[in-house]
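Q: Feature list, courtesy of TrEMBL:
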| type | residues | note |
| --- | --- | --- |
| TRANSMEM | 12-30 | transmembrane segment |
| TRANSMEM | 42-63 | transmembrane segment |
| TRANSMEM | 84-106 | transmembrane segment |
| TRANSMEM | 112-132 | transmembrane segment |
| TRANSMEM | 153-171 | transmembrane segment |
| TRANSMEM | 183-209 | transmembrane segment |
């Protein structure tokens, strides 16, 4: 059972990682003068959009999301509306946190919010796909020993890696190196994306390595 779940996770993560690669390569082929640095906002939204679509499709096909107790249209619309609201609130939250950590308040506001959208896509969207719009479940997963499945553990790892990657990406910005990737928020978005990719690889490896120590209990 463990091996089947871990292989399924590794396959899903490989597909999601491939979407980031395709979001970088395809625009470079189709769009003139496209580059990660020169047209960074275009690249950022290509990556965010690709990850969002593929994440949603993969978890829906795998049936990872918690089953709904109601199948009425109004309930599904309400669930979708809450998910969209939580995603928007997540964007505003990340935007506020980034500003509090030193990002310009008014200058480059669009760039800062775009970073918040990317972070929300890499973290909150996965929470919505795996746990649904259930804040109590989110709090449970990110509390100590709160994971109840391998997917909960993978969510902890990918979320942590994404946030830490964005944080580490901010360190080179004030340095007097005059590099094109030091323009705000390029290094942070690259750091967040690299951290997310690292989490996608690390999650199944870590779970497989520690599978004998992991015990999931219903709470």
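Just so it is clear, glycine is given a Cβ too, placed from its N, Cα and C backbone atoms.
Keep in mind that TrEMBL annotations are predicted by a computer and have not been checked by a curator.
Looking at the shown structure, can you explain where the listed features end up?
A: Beyond the transmembrane segment (84-106), the same-chain residues lying 6 or more positions past its ends with a Cβ under 8 Å from any Cβ of the stretch are 112-113, 115-117, 119-120, 123-125, 128, 133, 135, 170, 184-185, 188.
Counting residues 6+ beyond its ends, the transmembrane segment (183-209) has Cβ neighbours under 8 Å at 2, 6, 9-10, 13-14, 16-17, 20, 36-37, 40, 44, 47, 51, 98, 103-104, 108, 111-112, 114-115, 118-119, 122, 150, 153-154, 157-170, 172-173 in the same chain.
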Q: What stretch, picked from 12-30, 42-63, 153-171, has the most CB pairs under 8 A with the transmembrane segment (112-132)?
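A: Top-ranked stretch among 12-30, 42-63, 153-171: 42-63.
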Q: Who are the long-range neighbours of the transmembrane segment (12-30) in its own chain, taking Cβ under 8 Å and residues 6 or more past its ends?
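A: The answer is 36, 42-43, 46-47, 49-51, 53-55, 58-59, 62, 154, 193, 196-197, 200-201, 203-204.
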Q: By Cβ distance under 8 Å, which residues at least 6 away from the ends of the transmembrane segment (153-171) in the same chain are close to it?
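A: Contacts of the transmembrane segment (153-171) (Cβ under 8 Å, skipping residues fewer than 6 from its ends): 9, 13, 101-102, 115, 119, 122-123, 126-127, 130-131, 141-142, 147, 187-196, 198-200, 202-204, 206-207, 214.
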